[in-house]
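K.L.:
Pulled the feature table from TrEMBL, pasting it below:
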DOMAIN    6-64  domain 'TRAM'
BINDING   286, 315, 336, 384  S-adenosyl-L-methionine binding site
ACT_SITE  411  active site, nucleophile
ACT_SITE  411  active site
Ligand code: SAH
């Protein structure tokens, strides 16, 4: 194929950066031909080298920054952007929030949606927020080390300060690694598929400070597991749960099927919206506890509940939104496709003594159709789907069930815009969208949209 691009591979150019894509790449244009460049920001000038030329667009790499953006933050270490653990860390936080608002505005504009988009609700301290870590363990420079994968690669770059994780988790990982070295635990080798320990996972309750350590191993046996657990409990009094998960497969998937208790109990406790939650090894639990409360609060506000309503929480996970909404509604129906999450949700309802919620296992689009067939009267519908958004059959079911109000919690502006267009066709008018920054320093954009039926 002959490519008619105004640039050639390996060519060096001086360019002005005019935009930042949703993937965090700087954009320069040569005669309208876009070049995407990692690590540069709008309003910067850079010397670049073209590395790939496609028909419609190309890629280049930064050679030298000639003019810096006033929003550039000199990073502590570029290991964060090299690993993609914090791909926006070179952009000042207020500019990150503008960037995220613009992502939403742009997709709305393309879809001809005229919905007011509020300024993003950000964090006062946008680092150290993650309550969960999953770090690969490898043999690096002669010893067992943790780190993170280099972008587009399986190479683990050594790292002990993970920047966006709860510093207590980083600290615990260091202590645990020291103990593992003392017991000569063999780190996993991805090339030979040998060795024992693949990944360490840590969870820490934001309010409870309870900690869980999970060793994900290739081998069935973790040598000296009991002794290691005793040392960990001595060194880290917050640890209440030490678990092992076996994943013998050669795969990118972190967890295997078999999970065993090594010491303590098999869950940690935490709180969210004043409610108690028990979180086990593989439960889905929001990773930014402070911002989750901001997000849920917005969702509850948007639903304008008086206590008399019947509410559906679709894609309910372990029931966090359902349980937070329960005290503002007469009855809440949750629906979720993962069985263990539904069991967690029912359990969490019980420990909080909430009896006006009911969780159904199944696909939201199918259960919605069933509720409609059962002639369920629904006042408000809250949805929090995965990145791919709502199935069109789900949107059809909304049109049949006709809730007066709807709240759309989205983690992907592109599918949000698509779905809002389809919902408009069902008579739902979007009043506003409120982005909430759940993942500072990263490219993720989360938002709440309020809709009313006309
Ligand atoms: N509202 C929860 C979970 C949101 S994540 C919270 O805030 O914690 C999205 C959830 O949708 C996941 O739990 C996923 O298992 C579930 N899910 C994905 N596809 C689904 C489907 N077709 N029907 C029902 N649930 C689904």
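Any Cβ shown, glycine's included, is placed from N, Cα and C.
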K.L.:
Using Cβ-Cβ distances, find the residues under 8 Å from residue 336 (S-adenosyl-L-methionine binding site) that belong to the same chain and are at least 6 apart in sequence, listing them in sequence order.
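P.N.:
Listed in sequence order: 315, 316, 317, 319, 342, 345, 359, 360, 361, 364.
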K.L.:
May I ask for the distance between residue 286 (S-adenosyl-L-methionine binding site) and residue 411 (active site, nucleophile), taken between their Cα atoms and rounded to an integer number of Å?
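P.N.:
So the Cα of residue 411 (active site, nucleophile) lies 12 Å away from that of residue 286 (S-adenosyl-L-methionine binding site).
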K.L.:
Report the mean pLDDT of the predicted model across the domain 'TRAM' (6-64), rounded to a whole number.
P.N.:
95
K.L.:
The record lists 286, 315, 336, 384 as binding S-adenosyl-L-methionine. What's the largest Cα to Cα distance among them, in Å, rounded to a whole number?
P.N.:
16
K.L.:
Excluding 286, 315, 336, 384, which residues of the same chain place their Cβ within 8 Å of the centroid of the Cβ atoms of the recorded S-adenosyl-L-methionine site?
P.N.:
284, 313, 316, 317, 320, 321, 385, 409
K.L.:
What does DSSP give as the helix, strand and coil breakdown of the domain 'TRAM' (6-64)?
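P.N.:
So the counts come to 0 helix, 33 strand, 26 coil.
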K.L.:
Cα-Cα, whole number of Å: residue 384 (S-adenosyl-L-methionine binding site) versus the residue listed as 'active site, nucleophile'?
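P.N.:
One finds 8 Å between the Cα atoms of these residues.
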